[in-house]
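What TrEMBL lists as compositional bias 'Polar residues' is 35-49. If you look up TrEMBL, you'll see 74-502 marked as domain 'Major facilitator superfamily (MFS) profile'. Annotated region 'Disordered' per TrEMBL: 1-56, in sequence order. Under the heading transmembrane segment, TrEMBL lists 73-97, 109-128, 140-160, 197-217, 229-249, 304-323, 335-361, 382-401, 407-426, 472-495.
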Amino acid sequence: MSAGAQHKLFQPLQKPLHDQDHDPIPPGSSGSGSTVAPSEASNDSTSSLVVVDWDGPDDPEKPLNWSRAKKRAIISSVCLMRFTTPLASSMMAPALLQIGDEFSGTSEMLITFTVSIYIIGFGIGPLILAPLSEIYGRNLIYNVGNVLFTLFTAMCGVSPNATALLIFRLLAGVFGGAPLTNGGGTISDLVPVNERGLIMSIFSLSMLIAPVVGPIAGGFLSQAANWRWIFWLLTILSGFTTIVCFVFLRETYGPVLLERKAARMRKETGNPHIQSANKSPLPLGQLFRQVITRPVEFLYKSPVSIVMALYMGLVYGIIYLLFTSFTQVFEDTYGFSQGVAGLCYVGLGLGCATQLFSGHYSDKLYMQLSQRNGVQRPEYRLLLLIPAALSLPVGLVIYGWTAEFKIHWIVPIIGTFFIGVGFSGSMTSVQTYLVDAFSSYSASALAANNVVRSIAGGVVPLAGPSMYGKLGLGWGNTLLGLLGLVFGLTPMYFYRYGGTKKEKKEEKEIPV
C-alpha cells in the first residue's frame, strides 16, 4: 500500500448530505454503480475485463436495500452473540472466593486473573478475526467463532485446576470476541448513517447489559449449586446462539457479495475475465498480511483512533475493576450474602439502559447538525461524550465515599447508576463515531479500539486490591474519576477543530 493510500485510509469520511445512505465506492471500483466492460477497441491486455459492481444505488442485492425483516433478523442474531459472549466475562465474578477455595494454594491475584484474562482474549481475537472478515466475509467468522467459543466454554466447566481454567478462559475470549468488532461492520453494511445512532445503542446495550446480568445470575447459581454450573449454563446458551446464527445470519459485507456475484457470472457465462469491482490486485498472502496489520496501523497512524482507544481503555479498566470488587465490597461492608451481593450490579445495569435514549438523541442531533452545516461529519457523534465524561466521575465519587463511610447501601448503588450512564454513553459515542468515520474499514477500526480497552479491562482489575488497600474506596475511586474526566474531554478537540481543519485545507489530506 502506498504512503498516500495509507494516509487516506486513516482519514475519517466526510460525506455530502445527498450521499447519506450510501458509502462511497471503494477504490478500485468502476464508480458507475453497475457492471462495466471496457471498450473493445482498446489493445490493452485487460480490454476484455468485465467489472461487476452494484446495479445502481437501489440494487436489491445491496445489504442497505434489504427488507426490514431480513435486517432485523440479522441484527438480532448479532445482538444475541453480543449478549452471550460478554455474559461470560463477569458471570463467574461472584464465585471467585468459591473457586479459590476449590483450587487451594492458588494466589488471590491468579484467581482474579481468571476473570480478566477473558477480557484480554477479547482484545487478541478481533485483531485477527476482524481483518479476516474483510477477506472472507463476516458470516464465516461469526459461525466459526460461535462453535469454538461454545467448545472452550464447556472446557472451562471441567477444568481440573486454575491453570487449565486460565487457558480455556483465554481461548473462549479470543473466539468470543468476533461479534464485538465485526458487529459494528455489520451495522455499517445494513443501516444508513442517519439511523446508526439508535441501532448502535441497542447493539451496544446488549453487550453492556450482559456483564451486569452475569454476576446476578452467577451469584445465585454458584450459591445454589457450584461455580462449574455457571459454565454449563453459558455452554447451553452459546449452543442456542450458534444454532440461531446458522439459521438467520447472512453475509452482509459488500466486497464479498460482489465477489460471489462475479463468481456466479463467470460460471454462468464461462467468461474468466469477469471480476468484482472490489477485487484486490494483491496475491492472497500479501492481502492477508495487509489486513492483519491494519488494526495495528490504526493505533499508530491515526491520532483519533489512539485517543479514542486510550479513553475507552481507561473506562473499560474502571468497569472491570468494579466488576471484580463489587461482591467483596458489599459482602464485607454491608454483610450481603453471595447471591444478594450480585444484585448490587443492578444500578450499573440501569445506568447502561439509558443508552437507548442517548442513541436516539445521537441520531437526532447528528441530522440537525448535518442539515445546519450542509455536510455530514462523524465528529457530530462526539457531542454525547460530554455528559458521559461528566457522569462517570460523579458516579465514582458517590460510590467510593458512601461505601467508605458505610452509608446506606442504596446510595453507593445510586452512584453505580451514574457510572453506568457514563460507561454506556462513552461506548455508544465512540463506537458510532468509529463506524461512521472508517465505514469500509470499521471492523479494523473497532478492533484497534477493542484491543486497548480489553487489555486495560484485563490488567487494571489486578491493581484494584493494592490501590484500594492504600487509598481506600473514597480516594481510590476519586483518583479514577479524575482520570476519567481528563481523558473523557480530550476527544472534544477533534469535534472542535477536526472539521475546521478539513474545511480550511480541502485539497490537503491531514491526519485526524
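From the backbone N, Cα and C atoms, a Cβ is placed for every residue, glycine too.
Small disclaimer: the values here were computed from a predicted structure and weren't measured.
Counting same-chain residues at least six beyond the ends of the transmembrane segment (73-97), those with a Cβ under 8 angstroms from any Cβ of the stretch are 111-112, 114-115, 118-119, 122, 142, 146, 149, 153, 172-173, 176-180, 183, 186-187, 190-191, 199, 202-204, 206-215, 217-219, 222, 226-227, 230-231, 234, 237-238, 241, 244-245, 248-250, 252, 320, 323-324, 326-327, 338-339, 341-342. Sequence-distant contacts of the transmembrane segment (197-217) (same chain, six or more residues past either end, CB-CB distance under 8 Å): 75, 78-80, 82-94, 180, 183-184, 187, 191, 233, 319, 323, 326-327, 342-343, 345-346, 348-349, 352-353, 355-356, 358-363, 366, 381, 420, 423-424, 427-428, 431-432, 435. Counting residues 6+ beyond its ends, the transmembrane segment (304-323) has Cβ neighbours under 8 Å at 10, 12, 89-90, 93, 115-116, 119, 211, 215, 298, 345, 348, 392, 396, 399, 416, 419, 422-423, 426-427, 430, 433-434, 437, 445, 448-449, 451-461, 463-464, 480, 483-484, 487-488, 490-491, 493-494, 498, 512 in the same chain. By number of Cβ pairs under 8 Å, the transmembrane segment (472-495) is matched best by 382-401 from the list 109-128, 335-361, 382-401, 407-426.
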